[in-house]
Amino acid sequence: MQAILSSWFIQGMIKATSDMWHKGWDERNGGNISLRLLAEEVEPYRRDFYQQPRKVELTQPAPELANSWFLVTGSGKFFRNVELNPAENLVLLQVSNDGMAYDIHWGLTQGGLPTSELAAHFQSHIVRMQVSGGTNRVIMHCHATNLIALSYVQKLENASFTRLLWEGSTECLVVFPDGIGIVPWMVPGTDGIGTQTAEQMREHSLVLWPFHGIFGSGPTLDDAFGLIDTAEKSAEIMVKVLSMGGKKQTISREQLIALAARFDVTPMAAALDA
């Protein structure tokens, strides 16, 4: 048996949370991450599990995730503290076989619960599992500064917001050809915002919460981080462009189509026409 603190998933979560905090995306207890794990990935670390796991009822049943394992950031925990004490700030949990509850097997050594956005994470995991054939295993939420800033001055519409980001940096269409989805402003930590986010996740791997932050999905922690990082970099460029008086020239529709053909991706049609 191996020590869980040396596992690839704990070490990966330490790196992701540290990187996100250093980016300035996760002030105080802002942001949350969940990583879906396979049973064989957690099995070698059972000696570190609690002998009597704590059971917590889900606010919304998730039978599609029955028996699934997740590594999740804790509610009220600071990303900057994860690398200092991962066992206090992270939690390894398993959804019950009926999808009505979960058991806490490791972590949260000072008590507490997984992220308050667990409902949004689980609903998004269900959808991304379906649309990706099970390859998407990460849901990541943070307060990316420039994406939030743009939500105050741009029309909150999927196609036009996507087009703006595609024009902000050439790599964007290649990295997220499926564009960005947007939900209305809603109270966070509720089942309702989770439902709205999951609906957008059916078509988009990025979902903007206006005036709040961004949700991203991907196969790995690196993929999800890189996705958000790319969109945020484009948003930063566009914030600077707007502050200098707006665009004088930009990437054209024809150039975007040529870019998609070169990298063999299918761009969001509505964004091409926005």
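Keep in mind that glycine also has a Cβ here, set from the backbone N, Cα and C atoms.
As the structure is a computational prediction, the values presented were derived from the model and not from experiment.
Under DSSP, E117 (active site) is assigned to coil, being neither helix nor strand in the three-state scheme. Taken from Swiss-Prot, the feature active site applies to E117.
For H141 (Zn(2+) binding site), the same-chain residues lying six or more positions away in sequence with a CB closer than 8 A to its CB are G31, N32, I33, E117, A120, H121, G213, I214, F215, G216. In this structure, H141 (Zn(2+) binding site) is part of a beta strand by DSSP. According to Swiss-Prot, the feature Zn(2+) binding site maps to H141, H143, H212, an assignment based on sequence analysis.
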* Taking the recorded Zn(2+) site as H141, H143, H212, identify the other residues of that chain whose CB atom sits within 8 Å of the mean position of the site's CB atoms, giving them in sequence order. => G30, G31, C142, A144, I148, P188, W209, G213, I214, F215
